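Contents: one structure, followed by commentary.
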Amino acid sequence: MSKQSKRIEALVYHAKPTPGKIKVVPTKKYATQRDLSLAYSPGVAEPCLEIEKDVNNVYKYTAKGNLVAVISNGTAVLGLGNIGPEASKPVMEGKGLLFKIFADIDVFDIEVNTENVDEFIETVKNIAPTFGGINLEDIKAPEAFEIERRLKEELDIPVMHDDQHGTAIISAAALLNALELADKKIEDVKIVVSGAGAAAISCTRLYQAFGARQEHIVMLDSKGVIRNDRDNLTSQKAEFATDRKIDTLDEAMQDADVFIGLSMADIVTPAMLKSMANNPIVFAMANPNPEIKYQVAIDTRDDIIMATGRSDHPNQVNNVLGFPFIFRGALDVRATKINEAMKMAAVKALSNLTKEPVPEQVNMAYNETRLTFGRDYIIPKPFDPRLIAEVPPAVAKAAMESGVAKEPIDDWEKYRDSLLERLGSDNKLVRLLLGRARTNPKRVVFAEADQLDVLKAAQVAYEEGIAKPILLGRKDTIINLMKELEFDADVPILDPKSDEQLERKNQYAKAYWQKRKRSGVTIYSAEQKMRERNYYAAMMVNEGDADALVTGYSRSYPTVVKPMLELIGMADGASRIATTNVMMTQRGPMFLSDTSINIDPSAKDLARIARMTSRVTKMFGIEPVTAMISYSNFGSSENPRAEKVKEAVAFLHKAYPDMIIDGELQTDFALNSKMLQDIFPFSKLAGRKVNTLIFPNLDSANITYKLLKELNKAESIGPIMMGMAKPVHILQLDASVDEIVNMTAIAVIDAQEREKKQKKSLFS
Ligand SMILES: NC(=O)C1=CN([C@@H]2O[C@H](COP(=O)(O)OP(=O)(O)OC[C@H]3O[C@@H](n4cnc5c(N)ncnc54)[C@H](OP(=O)(O)O)[C@@H]3O)[C@@H](O)[C@H]2O)C=CC1
Ligand SMILES: CC(=O)C(=O)O
Ligand SMILES: [Mg+2]
C-alpha cells in the first residue's frame, strides 16, 4: 500500500462510520419507566445519600472504580511535538481503546486547554472525584515532572504519567532481557540516551534502579550532549550531566553498548551504529518514526538487538504493554498510588513472561511460526492473553506489600480467573482466524471480483498475507476498480466469458462433461457452463488450479450451492452438507448450525451436523459444549419434532460418549447453566457453558442467527460450509468487506487442513 493510501486509510478509519474511536454504553437496564426511576430520579437519590454518608461508597454505587481519565494538554504528542489539545484527541481516544481491549478499563479522554502547570493541576484535581485513576499523557518535560509529582502528592487515587513510567517499565524489562542475550551486565554497559524529556529521564532513572551506573550514561537533548558545564540545565537534566568532553551523538555512540532513543525520527546514522560495541542494543522508540529505521539498523549490524515503538517490526517496546495492566492491578486493590515497588514488580513480570513458552494463539495472531525468547523476541507481544493474568496480579501484590492497597485481594486464583473473563473473546477469535490463515496463505479464487466489496476484501486478504487471490470477473471492471483502490498487485485476473485461456476452459469443460455425461450434460452444454463464473471457479478448484473458492456475494444462497454440489460434491464419507455460523455474542462466541442448507434434517442428519460443527468449534481452539435444542425439555413433549432431536442425542451419546452434548433442550435452559443445574442436574451440560447450538430445522437456525445479527448487532463469521469435497465457501448475499475477509480466512484454513490431513478435513 502506498504512503498516500495508508494516510487515507487512517483518516477513513477515524471518520467512518462514526467519527472517533470511543463511545459510552449504559451498563444497567433502561427499558421501562421503573428502570428509569431507579437509574435516575427518584431512585438515584439513594446511592447519593449513601455516598454522602461514606465517600468510599462511591466505589460501590458508581463506575469510578473502573474509570480512568487519560489526560493531556497536547504539548508532547508522540514525536509530533506541541500540536495542541484538540489535535491530541485521536491519541487519547486511542489510549482509551487500548485500556478497554487489553484490560477492560473504561476511559474518558480529557484534553485540557492550558500549558500552565498550576492551571493544569487544578483542573485535574477538580475532576479527580469522577475517576479511579489518572493517566497523564503526552505532556512535555519539564512541566510533566512537576504536574505528576504534585498530583501524586495531592490525590489519593493512582496517578501515572504513562510516557514516563509506562515507557520506563516496558523498556527496562526489554533491556534486562536484551542484556541477558548479549551476555552483558547492566552495571558494566555504556548507555547513550537520546532525549532528555519525560520518557527519557524516567526510563534512565529506572535503569539506574536496576543497576545502571551514572558514570556510564551519556544523555542528549536537542542541543547536544548534556554536559555538567552546560548552562541552564533543568534539575532533571542535571541529574544525568556527564563530565566527558564530548558534544555530539556521533561521539557518544563510539563503543556504546546500549542506545535508548526517546527523541526524534532519523537522527541515528548507520555509521553511528557501526561504531557501537559488539552485540549493540538499540531501542529506537520515538513514535511514529524511530531514531533509525528498523530495516536500516538490521542491515547495518547483524549482531544488533533492535527494538522500536512500532507494531510492524519485531520487539515493539511501547507503553501499550504497560498502562492497561498496571492500572488494572492498581484499580483492583484500590491502590492510592503507583509506587516504585509496583513498577519493579511489573518489570519483573514482563521480563519473566518473555522467557515462558509462547501460546500457539500468539504465534498465530502475529503470523509467527514459533516465537521464542531471543533477539527478535525480547518482550511479550501486546495481544498475548497471558499479560492480563500475569502483570496485574504482580502489580496488585506489590501494592499490598508496600502498603498502598485499600482493598486487598485474598483469593488469587479467583482474581486470575476474573481477569481472564475480562478479555473479550470476539476479536481474539477473528485474530486467531486471520493469524492462522497467514501461516500458510493459499490460492483463493474470488468468483465475483468485479464487485467492489469482494475486490476490497481480496485486497485486504492479499495485503495482510491471508490469501493469494485469483480474481474472476469482467477484466476491464476489475482493472479499473483495482486502480481506484490502489490495489497494486500482480495477481491473476480471469474472465470466463472471454476467449482468453480457451485451452484451459476447454479442459475444464471436458472434465465436467466426463463427470456429468450420464446426467444430460453434452460437451456443448459443458462448454457453455464454463462461461459462468461459478462453474469456472469450481472447476479451478477441482482441477487444482486454485486451492479454495469464495463466492455468493451477489446471488441467492441456493442458486450458488446447486452448481457447487453438482461440480464439487460432498467429501468422502459425508452424506450431508451443512453450515455453521459463529456469532460473537455477549457471552462469547456461539456456534449455530445448520443455518443455511437442511430444511428439515432427520435425526441422523442432526447427529451428523453436530459432529461436523464440533470439529469446526475445535478448529477455533474452543472445546465444544453442545446443546441440541428444541421446544421441549428431555421428553416433555412426545411430538415427532421433539422425538427427532431426542433420537439424535441418544445416537450421539452411544456412538460418541466423549462428546459434551445433550438435549433435547429449550434454549433458555441450554444457555442458563444455573437453571439447567437446578432443574435437570443429570444433564451432561449441567454447570457447563454451552457454546454450540444445533437447531432442529432450518427455520429456527436461520431465523435465530439473523435475529441475533440484526437485533443484537452480533458480528457473525460464516455461514461456514461443512461437508464439501473441496474448500468452497459461500457468502451471504451482500456480505460486508469484513465478513468476506473472514470467510476468505476460513477458506484458506480449510485448504490448509485438507492439505495436512489429505482430505480428511475438519470441515467434512
Ligand atoms: N515507545 C514508547 O512507548 C514511547 C515513545 N515515546 C516517544 O519518545 C519521544 C519523546 O517523548 P516525551 O519524552 O514524552 O517528549 P518530551 O517533549 O518530554 O521530550 C522530548 C525530548 O526529545 C529531545 N529532542 C528533541 N530533538 C532532539 C534531537 N535531535 N536529539 C536529541 N534529543 C532531542 C528534546 O530536547 P529538549 O529537552 O532540548 O527540548 C526533549 O528532551 C516521542 O517521540 C515519543 O513518541 C514516548 C513515550 C513512550
Ligand atoms: C507510545 C506513547 O505514549 C508515545 O509515543 O507518546
Ligand atoms: Mg505518549
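In case you wondered, yes, glycine gets a Cβ from its N, Cα and C as well.
Note that the structure is a prediction, hence the values are computed from the model and not measured.
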Fill in the blank from the handout: Which of ASP118, ASP163, ASP266, ASP312 shares the divalent metal cation site with GLU137, ASP138, ASN287 in TrEMBL? The record says ASP163
Handout entry: Composition by DSSP (helix, strand, coil) of residues within the domain 'Malic enzyme N-terminal' (19-152)
Key = 70 helix, 18 strand, 46 coil
Handout entry: Length of the line joining the Cα atoms of ASN287 (divalent metal cation binding site) and GLY81 (NADP(+) binding site), in Å
Key = 11
Completion exercise
ASN287 (divalent metal cation binding site), DSSP three-state class -> coil
Fill in the blank from the handout: Across GLY79, GLY81, GLY84, listed as binding-site residues, the smallest other-CB tally within 10 A is for GLY81
Practice task
Report, in whole Å, the straight Cα-to-Cα distance of ASP138 (divalent metal cation binding site) from ILE83 (NADP(+) binding site).
Solution key: 10
Fill in the blank from the handout: Should one count Cβ atoms within 10 Å of each candidate's Cβ, the binding-site residues ASP138, ASP163 would be headed by ASP163
Handout entry: Proximal residue to GLU137 (divalent metal cation binding site) among binding-site residues LEU78, LEU80, ASN82, GLY84 (C-alpha distance)
Key = LEU78
